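Visitor: Below: one structure in structure tokens.
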Amino acid sequence: MKVTKFYNLKAEKHLIIQILVEKDFFLQIYTKIDTQVFYFQSHQILYRSINILHTKKVLINLPNLLSLLHSELVSETVINYLITLFNDRDNFRILNINDSLKVLLDNFIRRELQNSCAKIVSLTFNFNLSVETLLQKSNLLISNINTYNKKVSLKSISQLLLETILEIDKKTNRSTHVLTGFFDLDHILVGLQKSDLIIIAGRPSMGKTAFMLSLVRNVADIQSFPIVIFSLEMSSKQLIYRLISNETNIATSRLREGNISISEWEILNRAMTILSNLNIYLDDENNLDVLDIQSKLASLQQIYGDIGLIVIDYLQLLQYKEKSSQRHIELSYITRYLKLIAKDFNLPLVVLSQLSRNVEFRLNKRPILSDLKESGCLSYATNQPYFLKSDNVNFSKLTSLKVSNHYILSATLELLIPFQYNRIYPIVSLIKRELQTGYKVVYELDFYISVIVSTVEHYVLTLNGWKRILELTVDDLVATLDIQYLIYNNTEVDLFSSNVIFSSVINLICMNRINVYDFWIPKTNNFFVNALLVHNSIEQDADVVLFLYRDSYYQHNLKQSNIDMCEVIVAKHRHGTIGMVNLIFNPNTVSFMNLIKES
């Protein structure tokens, strides 16, 4: 079979020329175009050298690029080629740079697909692999390429303004969110937003599945798009019994026993007609992982069109076939992937989650975010996060907690292989909120180039993924900043490239009990402190976090009745306010209703 080489010489030349002649053009593409996107080696060398100029905060132009090429002893052939290319720049003026970028990326993706298909064919002959593993590895190869398909999106402000106005116009005529049917909750959330990851958490038997089914039933009644429930705990038949019980107000136990009167059969028949017309789909396959869910959704979308809402019951039962020695690392990967699924399919994705036992050991048993994330916290007196004040670009120590809307040094992590962060790029991120998380025992962690003081629950990035400080050993290597590289030119901050190194752990010492703090960094969910890269919580992948709490669950001496009150606590809401609403819980039918019915 003839092998076709996918490349476009003119497009590659055009991009190099554009970088050299147009000020700030490189800033628009350097995080989106990698060296390997270029097919010709000479262009790869030139683009890599341009990257170095940018990293060193040197103006990108022909003289500086030539100087760098000479200093790095690049061959005269490449240097002469660059001079010839630059002198020929006028011939590229009539070309559209966006077209050239599209052609460049199109050819790169075709090359990568060609290579991936060859790898997949090779994998099919490895009979030591199960079919499930083969499909997973194949999906991973293709999904990695798909990330490049979304990288380049240069748009003028006029184009963006037009798109925004059209979007606003659509919103005036059609709702772009999903109403839950719980009026007070919708008042806070303004419905469930597309591309959001929503976590509904509570202790066992608090009513998570019941709340989910009531929500799904409401949504299906309000809007007609397909709703998909992935139930990893209960069978489809169990869920159907619940739905029938909710619809007929007949207890599930009586339905299972067949203890139905003649008049109730009429109610049951009407309920069957109503439920049959709802656009709800159930999948009760167990041992699902996130790639299975992504694959199933893609198939469902081809059959039924756009999907309106996805529900997963529940998070802790989701699998990841490439096993990690620590479950919390798997869950961190899973939640991040679920968020990507919500964005890719442009729909709200609801995930039910268990809560830790920490709730049971407090007098006030209402859940808080730390019960979900179980993350650690930092001492501000002894640590130095790399802060950037909003009115200048100087580094500063953290001397108070009033740092909202200031900037901090964090990192983007490219997860090309699960649990292995292949590329780490320091970037500047906005601090959305600071949190005082308590008065706790802290430990001093000594490593090769610095020291950090933290609770042992806080996560740091190692070569094997995120680990709690308590779980670190002397064999672990943790992600740290190359400080000498960082302070280049004293105060410049936008010179970062891949200047993250891994340092060995030396010692862990218990210190004393002090006030500790955490930060909300919305996009990267991590930040550098004393040169160490730390995670600022697992739950940050979620856009909305809801907790369910019923007093009667703990107050067993309360008189039993046919109705019960349940608090739905909006503990996190990325798009708006937080708060609490009350709903009625019916233990007889295991369902939720609005506290005050619409007149």
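From the backbone N, Cα and C atoms, a Cβ is placed for every residue, glycine too.
Quick paste of what Swiss-Prot says about this protein:
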DOMAIN    171-439  domain 'SF4 helicase'
BINDING   GLY202, ARG203, PRO204, SER205, MET206, GLY207, LYS208, THR209  ATP binding site
DOMAIN    333-599  domain 'SF4 helicase'
Visitor: With Cβ-Cβ distance below 8 Å and at least 6 positions apart along the chain, what are the contacts of PRO204 (ATP binding site)? List them in sequence order.
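Guide: Residues satisfying the criterion: GLN354.
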Visitor: Which secondary structure state does DSSP assign to MET206 (ATP binding site), in the simple three-class scheme?
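Guide: For MET206 (ATP binding site) - judged by DSSP and reduced to three states - the answer is coil.
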Visitor: Which value does the mean pLDDT take for the domain 'SF4 helicase' (333-599) in this predicted structure?
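Guide: That stretch averages a pLDDT of 64.
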Visitor: Identify all same-chain residues not among GLY202, ARG203, PRO204, SER205, MET206, GLY207, LYS208, THR209 whose C-beta atom falls within 8 angstroms of the centroid of the ATP site's C-beta atoms; report them in sequence order.
Guide: LEU548
Visitor: Measure the Cβ-based neighbour count of LYS208 (ATP binding site), defined as the other Cβ atoms within 10 Å of its Cβ.
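Guide: A count of 23.
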Visitor: For the binding-site residues ARG203, SER205, THR209, which one has the sparsest Cβ surroundings, going by other Cβ atoms within 10 Å?
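Guide: Each of the binding-site residues ARG203, SER205, THR209 was scored by Cβ atoms within 10 Å; lowest is SER205.
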Visitor: Give the sequence-ordered list of residues that share a chain with MET206 (ATP binding site), lie 6 or more positions from it, and have CB atoms under 8 Å from its CB.
Guide: LEU548, TYR549, ARG550, TYR553
Visitor: As a test of the contact definition, list every same-chain residue at least 6 positions from GLY207 (ATP binding site) whose Cβ is closer than 8 Å to its Cβ.
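Guide: Expected: LEU548, ARG550, CYS566, PHE585, VAL590, PHE592.
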Visitor: Using a 10 Å cut-off, grab the number of neighbouring Cβ atoms around the Cβ of GLY202 (ATP binding site), all chains included.
Guide: 25
